[in-house]
């Protein structure tokens, strides 16, 4: 007797006290179990209110509603997830949900993506011609820079800023490449790169102060995450500029720049400014935030496994007096590379026991690398609800 057959028998035994219900939705019949509908007793189909629609002649429930949309309604009872078609009207689907007593917040995040083009945070009034009338100039500037204004000017500004972000990142990368004579491109063409950097930083600075002027709560804006990212985009440039103006002696400038060279790394952080333009980047941020506890435990488990295999590998190989396993910290590099399935080959075991340990270490790494997938999927679902629901149009709120 196969496992599948046993499961079918248990399912049949479970359904002995259950009964099939026929739902006639505008001439189209749907058949499901009564227990399926009872999963949501607070809705129309799961409550006693359904008896009002019972047709005694045909022994079925007749509902004069849209049969196409009812497919998604019935699937909600079956699998507990509410989806909708992108081809359906949001208002019509909302009317169907209201009729069946289903809350619109049950809609899955994947079906919200096509409905977020209209921001519910627009505080505007309409006049003749249906043109928005903003309450103040500051409010108009804020929504223009936040990307919630869909006018041609707003689209042009956001596209221009996004292009500058990409170009400034390309300049940061290109200036470190060799351009002949053993020189980097930055050393060979310092004027060109300085002008390009100054232009980009000037635009970023102007954008930041316009945002500061337009913000309703300026102190909250200054300490917001995206505002801090904006500061990181141009602060390194002004630090470098201030050091260059302190002295005309090149050697002294180099010595002054050395402690602040780490700030040049922050220039690449300006890529995070794109999160203003792309909602999916914000969803990824929420996803990581939601999964931080599980990921932290995973890192801790990875460290313990690394330490365990490093200790065993060291004492296994150290007695042979060969190889590069001179200490446990040195061996930890080998176990990290092996668990990540990289295998640089700079450190290899020479004993049979060491090779067996290396194989087990590799298998352990493969199993541990598969764990974050489910964690990130869970975080993605919750992250979308946090990152997308705030932008959900009114017709689905």
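Placed from the backbone N, Cα and C atoms, the Cβ positions cover glycine too.
Heads up, TrEMBL stuff is auto-annotated, nobody curated it.
It is 253-270, from the ranges 127-144, 253-270, 271-288, 325-342, that TrEMBL records as transmembrane segment. Among the ranges 347-371, 372-396, the one that TrEMBL lists as transmembrane segment is 347-371.
Nonlocal intrachain contacts for the transmembrane segment (153-172), taken as residues 6+ away from its ends with a CB within less than 8 angstroms of a stretch CB, comprise 143-145, 147, 193, 196-197, 200-201, 203-204, 207, 267-268, 270-271, 273-274, 277.
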